[in-house]
Every structure is written in structure tokens, then in C-alpha cells.
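Q: To start, I am sharing the structure in question, which I have written as C-alpha cells.
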Amino acid sequence: MTSTAKKFNWKGFLINNNTFIILLLLIIISAILSDTFLTTMNIRNILLQQAGPILVAIGLLYVILAGGIDLSVGSIMALGATISALLITDIGLHFSVSIAVAVIVGLLFGIFSGALVAYTGIQGFVATLATMTIARGVAFVITEGRPIKVESGTIDVLTSKDFLYPLIWIAALLVVMFTLIQRYTGFGRKIVAIGSNETAVQLAGVRTKVYVMSTYAISGALAALAGVFIASRTSTGSATIGMGQELDAIAAVVIGGASLMGGKGFVLNTVAGALILGLIGNIMNLMAVPSYPQDIIKGIIIIAAVLLQIMTSKKERTI
């Protein structure tokens with residue numbers, strides 16, 4: 001190695017990969033605290049439980065990358081779960097068709113939210129707050145407030161050991177797909193550019209409104225699919241599914257290092273953020289920590305993540 005060779009920039013490496021480092025440290029700490037943490041059954045349970053939240057977080061990341069916000073994801077999860085359960089139980093559709101219909105409904109809700117934001121000038125917070133209320137209300141109306149039990153051998157196939165847990169593989173495939181879309185396609189580059197400076201992108205001749213609306217459509221479709229995942233795990237479609245999930249998704253995106261101002265963030269980092277939240281919940285459950293303290297700890301983690309993001313942004317300018 002010559003004297004002119006550059007030394008490895010450890011400072012930059014740690015800053016750019018802090019989410020993955022935190023995830024690794026959390027895995028090590030969890031393994032020390034609980035003998036059952038690294039068992040095959042527990043790892044499988046973590047992956048099954050976090051497959052849905054990971055999809056929701058990815059959809060929300062796309063919205064945030066373009067400078068928006070989506071508070072309706074939790075309610076659309078409930079809508080996806082209840083629609084798929086009703087179509088199977090009451091109408092007798094094949095579970096694959098019911099899943100497709102649920103995802104399409106989520107997509108349409110996302111398009112509606114995106115159209116409100118892109119074409120009317122309504123703030124994303126307000127538009128998706130309205131959509132959140134509508135979607136949850138529809139879920140309660142179509143179920144009449146009762147959980148819909150889904151018979152065995154239908155939607156629960158997604159979590160079947162006999163089929164090597166398709167839910168996990170579907171989630172993994174979508175993670176890869178949306179990673180590639182963000183990094184290597186014009187669509188991915190444009191939504192990042194829109195989040196950074198929408199006016200400049202408009203002046204370059206890009207139809208920014210279509211791209212903004214598309215991010216909400218993606219978020220809605222993935223949220224509905226996540227709701228189907230939960231219905232598959234529990235064999236139940238309930239209008240209460242996904243309550244508070246929008247906050248968990250925002251936390252995952254922020255912990256993953258994305259900027260809530262738009263234009264910065266990566267899919268794999270967001271996945272790591274969602275896994276961090278899942279691991280925290282898992283280890284606290286293994287240690288029999290009550291649910292309410294878990295919420296307090298989660299809130300503290302969100303604050304710490306935002307502060308870390310601010311500190312990281314400042315240090316990036318000095319590297």
C-alpha cells in the first residue's frame with residue numbers, strides 16, 4: 001500500500017451505517033438478556049410479526065422521500081384485513097382473489113389521498129388524517145364492529161410452515177423490489193429529487209404531481225397488504241387492526257435515518273429501523289415487561305433517533 005493511499009474513513013462509515021450498527025448491538029444485547037431470543041421459533045416469530053410493519057414503513061418512506069406524510073396507513077391496514085376476511089368468509093372467494101381486491105382497495109385509497117395532496121394543495125397531514133378516519137370507519141361499517149374469523153386453509157396459508165412461510169418470502173421480495181426501484185430507476189430518483197427541491201424538478205419539466213400521487217398509492221397498497229398479513233397470522237379480520245401503526249412506521253423511517261423534510265432515506269435502512277422496533281418489543285415481551293412501559297420506551301427511542309439524525313446531518317457536512 002502506498003503512502004498516498006487513503007485511510008479507511010471509520011467516522012464516515014459509522015455515521016452512514018449507524019442504523020445497522022444499532023440493530024447489531026441490539027441483537028447482541030437481546031441474546032445476552034434472554035436465552036430464548038436466538039431460538040429458531042423466536043426468530044421466525046419476529047420475522048412473521050414484522051413483515052407487515054416493514055411493508056408499511058417502506059410505503060411511508062416513499063411518501064416521505066417525496067416530501068409528504070401518510071397518517072392513514074394503520075386504518076388502511078384494517079381495511080385490507082377486513083375486506084380480505086369478508087370476501088373469503090361471506091362471499092366465498094378464493095383467498096388469492098380476496099388479497100388482490102384488498103390491495104386494490106388500499107391502492108385506491110392511496111390514490112385518493114395522493115390526489116388530494118398533489119392536485120388540491122391540501123397538506124398531507126390533513127388529507128391523510130381524513131383518509132385515516134374514512135378508512136377506519138368503512139372497516140367498522142362492513143364488519144359491523146365484529147371480528148371476522150377466517151376458516152383454516154385459506155388466508156392462513158401465508159403463514160403456513162408447510163409452505164415455508166410465504167409471508168416472509170413475499171415481504172423479502174418486496175423489500176428487494178422497492179430497494180431496486182429507489183436506487184436504480186428514474187421513478188426512485190425523481191421522488192428523491194422532488195423531496196429535495198420540488199420547484200427545481202418542476203422547472204425541469206417533470207410532472208411532479210403524478211409522482212407525488214404515486215407514492216401515496218404505493219403506501220396504500222402496501223398498507224393493505226400488511227393488513228392481510230396480520231389477518232393471515234391471526235386468522236381474523238378486525239377493524240381495530242393497525243391502530244397506532246402510523247406512529248410505528250414513522251418511527252421506523254426516522255430511526256432508519258430518513259429526513260421527515262423529504263429527499264433523504266433508504267429502503268434497507270428503513271427495514272432495519274422497523275426491525276429495531278420489533279426487536280425492542282420482542283425482548284421486552286420475553287422479559288415480561290408490561291405494554292404501557294413499552295410505549296414509553298418506544299417514545300424515548302423516537303426522540304433519541306431524531307436527535308441522532310440531527311447530529312449525523314451536522315457531522316456529514318464536516319466529513
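Placement of Cβ uses the backbone N, Cα and C atoms for every residue, glycine included.
Here TrEMBL flags 20-39, 46-65, 71-88, 95-116, 122-142, 163-181, 210-231, 266-284, 296-313 as transmembrane segment.
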Q: Using a Cβ-Cβ cut-off of under 8 Å, list the residues of the same chain that are 6+ residues beyond the ends of the transmembrane segment (122-142) and lie near it.
A: 63, 68-72, 74-76, 78-79, 81-83, 86, 109, 112-113, 116, 216, 239, 246
Q: If contact means at least 3 Cβ pairs within less than 8 Å, sequence distance 6 or more, would you call the transmembrane segment (46-65) and the transmembrane segment (95-116) in contact?
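A: Contact between the transmembrane segment (46-65) and the transmembrane segment (95-116): absent.
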Q: I need to check the long-range neighbours of the transmembrane segment (210-231): which residues 6 or more away from its ends have a CB within less than 8 Å of a CB in the stretch?
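A: Same-chain contacts beyond the flanks: 51-53, 55-56, 58-60, 62-63, 65-68, 70, 72-74, 76-85, 99, 102-111, 113-115, 117-119, 128, 150, 155, 158, 167, 171, 174, 178, 187, 190-191, 194, 237, 241-242, 245.
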Q: Going through 71-88, 95-116, 163-181 one by one, which has the most CB pairs that fall under 8 Å from the transmembrane segment (266-284)?
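A: Stretch with maximum Cβ contacts: 163-181.
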